[in-house]
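Quick look at what TrEMBL annotates:
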type	residues	note
ACT_SITE	A:C91	active site, nucleophile
ACT_SITE	A:H199	active site
ACT_SITE	A:E201	active site
DOMAIN	A:17-215	domain 'Glutamine amidotransferase'
Amino acid sequence: MSTSAPRPTDETLAEVVVVDYGLGNLRSATRGLERAGAAVTVTDDPAALDDATGVVLPGVGAFGDGMENAGPFRDRLVAAAEDGVPVFGICLGMQMLLTSSEEADHAGQGEVRGLDLVPGRNVRFRGGQKVPHMGWNELSVERDHPLVEGVDGEYAYFVHSYYAEPEDEAAVLATTDYGVDFPSVVANDAGNVMGTQFHPEKSGETGLRILRNFVEYCAER
Amino acid sequence: MLTKRVIPCIDVDLDEDGNPAVYTGVNFEDLEYTGDPVEMARAYNEAGADEFVFLDITASAEGRETMLDTVSAVADEVFIPLTVGGGIRTEADIKETLRAGADKVSINTAALERPELVEEGAKAFGSQCIVISVDARRRYDEQGEHYEQVDGESCWFECTVKGGREGTGRDVVEWAGEAADRGAGELFVNSIDADGTKDGYDIPLTRAVCDNVSTPVIASSGCGGPEDMYEVFTEADADAALAASIFHFDEYSIGECKEFLAEHDVPVRL
């Protein structure tokens, strides 16, 4: 908790669209982004992504259901990412950035295709750890990226049973130790598609710092 | 490494003017006005709380409306996980509580009465937000399924309702396993025997649940200070320790508890 509180601000740094595909509590993510200086639009209309300066893909629940519910957003999310628009996936939203997930296999849904913006697969903890991994755990920053500036060694709040395994090791921005050092923050090659396995909107000052890093990244782009 | 969590809990009722207010039990019976829920949430967040538990004890329709507004006000202030319990009986109740800004809902009696509610909630909103709460009471007869040795005697733990005044005949350990199988993401284990004593958590109870169910466990009831937290983390392997009055009446701060734990090699977020 050594990070300083984000400075209160009235100025809008960036306009961020939060994708509402029908799951979960978006209130905290929205308030956290607003506190970080974003003007937030929560939308269930895929067309709203067309002129977004930043996109947040939140999410809780299962991979197969998430992909199905987010289906109408798929083409525009991919287009925005390819255009260089900052896209930030949170928790399941991060897992959806990858190519596939064991979770859909385990749920008997066969191969469910992710967004494939960060090539790789989501896998289940298999070391006999208590699952879900629930609670506060430490971030070890592995690679420089604006999103993870100032959060090395800080704690974030996790709730998940699966984690991302990107094909390219360079996609791993931070790791966390839960019996295995798993990727807790990932990004694509270009750096504009990023995600956290933990919930920044639930991770106190560290989480608000990450949201602010994202909003500033959107503003500087 | 995953840290152990320290969680303050507030019981919220309506005051004489119909405004939400925190009340804390003193000496088992009397409830004392303790403060404003939003102010207390803000203070505990700053003090390093890992989560926040908010129990609605109004048990009335008007109370529920006011409570949801209060949950929203807390959620807008506090960027740590927020669990809300009290009076949640249906999938619609779960939905409106999550929409108000809760991250998890704690369900007790309604799940015992209709266990399918656990599955419905987990399927609709994800296991991570379904917390099953039990009010356990020791029983020293032959009716149970899972027995522990306590002070040389064999006892089991019964799920009770109505604040411990009514038994249900359900074995806590067995029910916890069933709830986990049905999709509960976390278990919130209260002890009627330990509640209000400040003599420490019910260790045999907490350990029995932790040993038999792989879902994370929040230990509750009986905390008199950081040593009790140490005991429940190290001897029962609880994932989180909940306390109310020691924080509300400034006997210990959250920081003091965490520092004590850290000094004794329990991983905590400092």
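Each residue, glycine too, has its Cβ placed from N, Cα and C.
Source: prediction; values computed, not measured.
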> To which of the active-site residues A:C91, A:H199, A:E201 does the lowest count of other Cβ atoms within 10 Å belong?
Replying inline: A:H199
>> What whole-number Å value do you get for the CA-CA distance of A:H199 (active site) and the residue listed as 'active site, nucleophile'?
In response: 6
> Could you tell me the C-alpha distance between A:E201 (active site) and the residue listed as 'active site, nucleophile' in angstrom, no decimals?
Replying inline: 11
